[in-house]
């Protein structure tokens with residue numbers, strides 16, 4: 001698009017014309033610099049959602065957001081495990097527990113997240129209750145990763161310019177592309193990702209962005225609507241490896257995992273969810289353990305790259321995840337993370 005104005009971009013979207021990555025990067029720059037009005041931000045977000053986002057459009061927006069972010073460099077191969085949220089299922093913190101397990105199994109995890117938006121207890125909320133200092137400055141967050149192979153990037157500290165979109169997003173009160181950019185804008189730019197997405201239409205789009213970046217990833221959605229691999233039914237999985245995307249459906253029964261009920265995975269307030277984390281790390285069997293190990297296995301598979309059979313890869317990684325819990329390594333990992341983050345905070 002030769003002339004970039006809000007009028008031209010929004011008109012194109014309303015006509016059903018897809019924008020280029022440069023167009024949407026320009027739009028995000030206008031938003032993140034505080035130059036866009038609330039009406040322009042809202043109009044753009046709704047027009048894009050109504051047309052349906054493309055890979056190029058989302059890639060441009062994510063790049064524009066990263067251009068305005070506080071980024072960090074964590075040495076070595078890194079992994080993010082996160083869900084977009086928005087499924088309104090109010091489950092326990094599956095991806096948070098899976099992150100701890102994956103790190104205990106040998107991955108270096110850089111988790112990027114925020115407080116609860118659509119649930120009662122977000123990643124930041126439960127980690128804080130467990131004793132992790134969630135708002136370390138970037139240098140200390142990197143140091144914690146180097147020391148214990150897991151760290152947390154509290155989104156508001158790394159994406160301060162996102163405040164300019166807060167009011168129109170809040171007033172719209174419907175999902176837009178902003179709800180899906182978090183997993184694509186981890187400030188550490190991890191080399192692998194395991195991403196749960198509540199909107200099926202966005203799964204392939206987000207997988208396409210990872211493919212264009214050359215990042216190994218698993219993007220998935222429970223066929224019950226969860227933004228994680230579910231154990232209540234099958235899940236849809238988009239496998240990103242070597243710059244290409246392929247789709248598979250996963251049935252946890254093929255791994256010997258019994259069907260769970262939605263109620264068995266439901267969480268509560270921060271006290272309840274923190275207790276669930278502790279019980280899981282202490283080795284409590286049941287549906288929560290099954291779901292967490294499955295998602296940890298997916299994360300470990302993403303970190304290594306899935307080039308062959310998904311089910312066989314997950315089978316091996318599931319055993320690896322189970323061993324990390326049963327040996328006490330996962331519980332020790334959380335304790336080490338708490339200790340390292342608190343030590344850094346005391347130095348401030």
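Any Cβ shown, glycine's included, is placed from N, Cα and C.
As the structure is a computational prediction, the values presented were derived from the model and not from experiment.
Taken from Swiss-Prot as is:
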type    : residues                           : note
BINDING : 83, 114                            : anthranilate 1 binding site
BINDING : 83, 86-87, 91, 93-96, 111-119, 123 : 5-phospho-alpha-D-ribose 1-diphosphate binding site
BINDING : 95, 228                            : Mg(2+) 1 binding site
BINDING : 169                                : anthranilate 2 binding site
BINDING : 227, 228                           : Mg(2+) 2 binding site
Rank the binding-site residues 227, 228 by the number of other Cβ atoms within 10 Å of each Cβ and report the first-ranked residue.
228
Look up residue 95 (5-phospho-alpha-D-ribose 1-diphosphate binding site) in the DSSP assignment and reduce it to helix, strand or coil.
helix
Within 10 Å of residue 83 (anthranilate 1 binding site) (Cα to Cα), which of the binding-site residues 91, 95, 115, 169, 228 do you find?
95, 228
Top Cα neighbour of residue 228 (Mg(2+) 1 binding site) in the set of binding-site residues 91, 115, 169:
91
Nearest of the binding-site residues to residue 95 (5-phospho-alpha-D-ribose 1-diphosphate binding site) by CA-CA distance, picking from 114, 169, 227?
227
Please list, in sequence order, the residues in the chain of residue 169 (anthranilate 2 binding site) that are at least six apart in sequence and whose C-beta is under 8 Å away from its C-beta.
41, 45, 176, 178
Look at each of the binding-site residues, 95, 114, and point out the one with the fewest other Cβ atoms around it within 10 Å.
114
Cβ neighbours within 10 Å, counted over all protein chains: which one of the binding-site residues 112, 115 has the most?
112
Which of the three DSSP states, helix, strand or coil, fits residue 114 (anthranilate 1 binding site)?
coil
Please report the distance from the Cα of residue 114 (anthranilate 1 binding site) to the Cα of residue 91 (5-phospho-alpha-D-ribose 1-diphosphate binding site), rounded to the nearest angstrom.
16
Going by Cα-Cα distance, pick out whichever of the binding-site residues 91, 112, 115 is nearest to residue 227 (Mg(2+) 2 binding site).
91
Please name the residue among the binding-site residues 83, 91 whose C-beta has the most neighbouring C-beta atoms within 10 angstroms.
83
